[in-house]
């Protein structure tokens, strides 16, 4: 039995209100999405209540072409799913045309990126505190934090990879770290001179502590067994950021990992190399940084093209 789109929408909204107790805002949102889809399809001679999968996909494609966010497209599809399930359950349709449609993928937010200047301020503050700490307990923690930061910014390690480094990696070739990442995949990452120096200063003091010979971790937790917890590192990092005059809320181990990748790309590294250094199994994961490449290419053309504005 065929039903006009407008009547079908009213019946659906009445059911949502009476049987499911949907809030007024929810009902209005459903109405807007369903009426917009009905109007678009009517202009093409299609009754929304009789629409097929291709028609529904077309309305979503139109939204995308008009610049609607994936969240708006997903909301529209959700309303249509509820609508067609209602028609199916009431016997007005023999199928649900939305059943095989996937929700539009949400765009990954661009990572927060610290400027080179702010990373420098953070590292300088860590170095200052490592040099000035006099009390033994404070000195070892300050040296550890400085070594952690220099290593993180030099390598872009995941925080779990960083705090879980075995001490043996610092006793072999000091120019590289052998890192075991996700899926137990190993990769070699180079160390900067500053990172090697900070690690060596920390390691010298670490090795002088009682029981250090039996501790397998490069960055041990001094108050308990095991390695430094990533939550403790994140907390110490935020405290350091505040002392360096930076907004603590904008600084985290993950933000520094993003800074490592972005600063490499800004200075000429290619995406494939950055993928290998970050330990991404798929290049698509690294492509969140393509905006950095686009900015670099735009700048390159602007500076070197003879007819650029």
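Note: Cβ is positioned from N, Cα and C throughout, glycine not excepted.
These come from Swiss-Prot:
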- 3-88: domain 'Core-binding (CB)' (DOMAIN)
- 109-302: domain 'Tyr recombinase' (DOMAIN)
- 158: active site (ACT_SITE)
- 182: active site (ACT_SITE)
- 254: active site (ACT_SITE)
- 257: active site (ACT_SITE)
- 280: active site (ACT_SITE)
- 289: active site, O-(3'-phospho-DNA)-tyrosine intermediate (ACT_SITE)
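Location within the structure of each feature annotated in Swiss-Prot.
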residue: 158; record: active site; Cβ within 10 Å: 19
residue: 182; record: active site; Cβ within 10 Å: 11
residue: 254; record: active site; Cβ within 10 Å: 14
residue: 257; record: active site; Cβ within 10 Å: 21
residue: 280; record: active site; Cβ within 10 Å: 18
residue: 289; record: active site, O-(3'-phospho-DNA)-tyrosine intermediate; Cβ within 10 Å: 23
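Using Cα positions, the member of the active-site residues 158, 182, 280, 289 nearest to residue 257 (active site) is identified as 158. If you measure from the Cα atom of residue 289 (active site, O-(3'-phospho-DNA)-tyrosine intermediate) to that of residue 280 (active site), you get 13 Å.
Candidate active-site residues: 158, 182, 280. Nearest to residue 254 (active site) by Cα distance: 158. Mapped onto DSSP classes, the domain 'Core-binding (CB)' (3-88) shows 68 helix, 0 strand, 18 coil. Cα of residue 182 (active site) to Cα of residue 158 (active site): a span of 10 Å. Cα of residue 158 (active site) to Cα of residue 280 (active site): a span of 11 Å.
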